[in-house]
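S.K.: Below: one structure in structure tokens.
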Amino acid sequence: MTDSTAIALLSGGLDSATAAALAIKSGFRVIGLSFDYGQRHRRELDAAVEIAKALNLAEHHTINVDLAMWGGSSLTDHAQTLPTSGVETSIIPNTYVPGRNTVFIAIGLSLAEARGADRLVLGVNAVDYSGYPDCRPDYLEAFQDLADLSSRAGREGHGPKLWAPLVEWSKQQIAEEALHLGIPIERTWSCYSGGDVPCGVCDSCRIRDEALLAAGRPDLCSPGRP
């Protein structure tokens, strides 16, 4: 156990909620950090607030970073179509938001250093890094090197460390751990479509629903699931 502080990037989804809960389980005082970046699925921000309250986080902050200003992703540009045919492992999907995680992690590290936090907790996992370049282990290792070189705390040898506890986990493993930890999964939000009810057909809904079915909880699946 530890009395140290951790900053958890909290999207409002299942993965980040589970990572934050694992940080709490490890004894960290957790501060949640969410981002309004112009995403079409802004409902996830409401979910992040609900999860922060459910987990009794020490603090929760939402930062405005308008990445929709220049688009480049189906998550920030409504002219682009969301993928619904299954996750592509050979190409980077159009749900990739240019530079998003680089921006988020940089801001998270700024808050971590300002607050003297020991960890920056990320919910990236094996499903993410199969498609997204900024969720892969080599990216996280490189960013850690950058953080150690670019911050006063890092240069002094006590800078915050990136912690991605789910990085090797499947979505089913994450769902099972979330259930074990008592996370209110029904309050999390994964759907990319931007409505008030999960669509059940976007890739994010599909992956989540498959994991929940495998974990034995069909009652938590999207209402719109085919």
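Heads up, the Cβ atoms here are built off N, Cα and C, so glycines get one too.
These came from Swiss-Prot, pasted as-is:
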BINDING   LEU10, SER11, GLY12, GLY13, LEU14, ASP15, SER16, ALA17, THR18, ALA19, ALA20  ATP binding site
BINDING   CYS191, CYS199, CYS202, CYS205  Zn(2+) binding site
S.K.: Around LEU10 (ATP binding site), which of the listed binding-site residues (CYS191, CYS199, CYS205) come within 10 Å, judging by Cα atoms?
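M.R.: Neighbours among binding-site residues: none.
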S.K.: For Zn(2+), what surrounds CYS191, CYS199, CYS202, CYS205 with a Cβ no more than 8 Å from their Cβ centroid?
M.R.: LEU82, SER190, TYR192, SER193, PRO198, GLY200, VAL201, ASP203, SER204, ARG206, SER222, GLY224
S.K.: I'd like to know which of these binding-site residues, LEU10, THR18, CYS199, CYS202, CYS205, is least surrounded, judged by other CB atoms within 10 A.
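M.R.: Each of the binding-site residues LEU10, THR18, CYS199, CYS202, CYS205 was scored by Cβ atoms within 10 Å; lowest is CYS199.
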S.K.: Out of the binding-site residues GLY12, LEU14, SER16, THR18, ALA20, give me the one sitting nearest to CYS205 (Zn(2+) binding site) by CA distance.
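M.R.: Of the binding-site residues GLY12, LEU14, SER16, THR18, ALA20, LEU14 has its Cα closest to that of CYS205 (Zn(2+) binding site).
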S.K.: What is the interatomic distance between the Cα atoms of GLY12 (ATP binding site) and CYS199 (Zn(2+) binding site), given in whole Å?
M.R.: 16
S.K.: In Å, rounded, how far does the Cα of CYS199 (Zn(2+) binding site) sit from the Cα of LEU14 (ATP binding site)?
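M.R.: That comes out at 16 Å between the alpha carbons.
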S.K.: Counting every protein chain present, what is the number of Cβ atoms, excluding its own, within 10 Å of the Cβ of CYS191 (Zn(2+) binding site)?
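M.R.: CYS191 (Zn(2+) binding site) is surrounded by 24 other Cβ atoms within 10 Å.
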S.K.: Consider the binding-site residues LEU14, SER16, THR18, ALA20 and say which one has the Cα lying nearest the Cα of CYS202 (Zn(2+) binding site).
M.R.: LEU14
S.K.: Taking the center of the Cβ atoms of LEU10, SER11, GLY12, GLY13, LEU14, ASP15, SER16, ALA17, THR18, ALA19, ALA20 at the recorded ATP site, which other residues in this chain have a Cβ no more than 8 Å from that point?
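M.R.: Result: ALA48, ILE51, GLY123, THR188.
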